[in-house]
């Protein structure tokens with residue numbers, strides 16, 4: 001009995017000390033010093049006040065005021081840094097649920113966040129605009145868990161290879177990245193979240209290696225992929241691994257590399273600098289990614305569940321898609337964007353909105369491997385990435 | 001006079017204790033706790049798993065490599081910084097000395113990111129240096145190793161942290177009695193003999209302080225290696241970021257603790273050997 005009591009005490013201590021409590025206690029001092037509030041007091045919340053915590057690319061600046069005009073929602077946007085690791089940690093073990101109502105995260109962590117109780121499922125009956133979301137976007141893995149909808153695709157796109165056609169001719173395979181003839185003239189991103197997927201896609205589709213889902217590699221598959229990358233690194237294949245927009249642009253713009261895996265906007269920037277730069281449509285397919293809306297449990301606890309649903313419905317209603325496309329070139333996967341532009345031609349050019357939508361749709365007409373921020377073996381991914389760094 | 005001085009220092013000491021010492025204790029304690037992958041959090045159960053993981057995946061080699069890069073950077077900074085400090089202290093007029101010191105602080109006016117990025121433009125395949133080398137006919141092809149290499153990382157680190165070695169050196173030179181240098185020369189010692197036998201020993205605390213400043217900052221740097229290093233190049237901070245990305249807190253804290261122990265050890269040994277505290281002798285409250 002005594003032992004049981006001690007165990008219970010230990011258990012209580014563990015659950016009391018762990019996670020939220022400890023971080024909150026430690027963080028409270030810092031927050032107080034910073035003059036900020038650790039929590040949003042219920043009394044300070046007005047109806048329609050929503051805190052949206054998402055990747056910076058989802059921010060539309062002044063255009064958020066339209067949510068107030070259209071749906072009576074005062075949206076306060078906060079950039080979550082786009083690094084899935086800290087964002088997930090802050091949701092599960094930190095104070096994100098106290099501060100924010102809706103999250104916008106790169107897809108993959110929904111299942112774990114749901115299991116941890118950090119997010120709750122959307123009530124799809126309250127989001128009628130979801131009907132207009134493109135079917136293949138609805139089919140993105142990770143959006144559902146246990147038959148419930150935890151993620152809503154807010155922005156989608158697909159990445160491949162940026163290359164110089166004047167030096168390489170037409171490129172249509174990730175093989176160019178691993179071609180010994182281009183030793184020291186190619187680069188990949190300094191993130192396993194993308195580079196492991198690209199390498200896995202190449203090995204699966206062009207080298208006929210036994211790989212199931214490039215976005216969620218088993219232990220053996222991961223070993224195969226990472227050994228492949230390590231071998232090429234040791235051979236001096238890569239000029240560097242890049243991270244961040246400026247570095248990516250500089251590598252291409254200053255002729256440091258002739259081909260690299262990366263983001264399509266870098267192509268546009270390269271062209272602005274007068275370079276011949278193309279974005280490849282690889283035979284192995286694109287790496288698709290979705291930035292998905294998740295409903296934070298804290299929002300429901302604070303009685304903001306209905307407002308959060310109203311916000312999600314507004315986001316898929318067309319105006320936001322048009323504004324985001326115009327500001328950043330990103331696409332909300334819904335037919336409502338074109339419909340909105342056609343009905344409001346003085347605000348947005350319907351032809352441009354349509355062209356952007358068709359461009360992204362075309363990418364997804366072939367093979368796609370989905371980026372996954374939380375593969376099952378994500379700790380192993382980090383270990384292998386260290387081995388690559390040290391190779 | 002001592003009591004009012006101590007009283008005045010008390011608030012600062014408390015702030016340093018709160019903002020500096022407390023987080024270090026937290027890092028130390030959490031590095032021995034158990035990480036629970038099911039909850040992404042740590043349990044207050046003793047574990048050495050974080051320290052064991054340092055020996056895996058070559059993590060220890062990142063620590064050794066980072067300390068090696070930091071050592072080399074600090075050594076180069078001392079070698080370059082010493083003559084610069086001598087020029088400021090012994091040769092320049094008061095006005096020129098101020099101008100030189102202002103020039104040394106210019107790097108502080110820009111961010112580490114911009115400084116490192118600018119080296120990419122200088123050292124790149126189509127950068128300034130390769131352009132000059134090719135224009136002068138010294139090389140036919142651009143030198144690839146100038147950028148995205150350990151060489152580039154060291155250039156970036158030295159350029160960033162050089163001022164940190166110069167100011168402690170000037171401080172130590174100011175504490176050298178001019179009569180000692182004059183006496184050495186009166187006794188027939190030339191420049192090098194005076195430098196080796198008088199100036200160098202009397203400024204060893206400044207040399208070590210400058211070395212230490214640069215070493216600590218270079219060991220903790222990330223920007224230079226990420227911007228200028230080769231494919232997937234790593235430093236301790238980069239590795240800690242990688243580990244934090246998969247929220248393995250005890251491992252991140254174990255790496256931090258190990259590095260802190262090494263740095264504190266270095267300070268302790270250095271102080272015993274070079275009497276760092278002598279730099280501050282003679283200061284009165």
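Yeah, the Cβs are placed from backbone N, Cα and C, and that goes for glycine too.
Taken from TrEMBL, the feature transmembrane segment applies to B:7-33 (among others).
Among the features that TrEMBL reports, domain 'ABC transmembrane type-1' is placed at B:63-270.
If you look up TrEMBL, you'll see B:70-91 (among others) marked as transmembrane segment.
Same-chain residues lying 6 or more positions outside the transmembrane segment (B:98-118) and placing a CB less than 8 Å from one of its CB atoms are 84, 87-88, 92, 156, 159-160, 162-163, 166-167, 170, 221, 223-224, 227-228. Positions annotated as transmembrane segment by TrEMBL: B:98-118 (among others).
Cβ atoms under 8 Å from those of the transmembrane segment (B:151-171) belong to residues 69-70, 72-74, 76-78, 80-82, 84-85, 88-89, 101, 104-105, 107-108, 112, 115-116, 119, 123, 145, 203, 206-207, 209-211, 213-214, 217-218, 221, 224-225, 227-229, 233, 279 of the same chain, restricted to positions at least 6 beyond its ends. According to TrEMBL, the feature transmembrane segment maps to B:151-171 (among others).
With a cut-off of 8 Å between Cβ atoms, the residues of this chain six or more beyond the transmembrane segment (B:198-219) that come close are 66-67, 69-71, 73-75, 77-78, 81-82, 85, 157, 160-162, 164-173, 175-176, 180-181, 184, 189, 235-236, 259, 263, 266-267, 270, 273-279. Annotation comment: TrEMBL describes B:198-219 (among others) as transmembrane segment.
Panel annotation: around the transmembrane segment (B:251-270), residues 24, 27-28, 30-31, 35, 49-51, 53-54, 59, 63, 67, 208, 211-212, 215-216, 219, 236, 239-240, 243-244, 276 of the same chain, lying at least six beyond its termini, place a Cβ under 8 Å from a Cβ of the stretch. Taken from TrEMBL, the feature transmembrane segment covers B:251-270 (among others).
Away from its own ends, the transmembrane segment (B:7-33) comes close to residues 42-48, 50-51, 249-250, 253-254, 256-257, 260 of its chain (Cβ-Cβ under 8 Å, at least six residues beyond either end).
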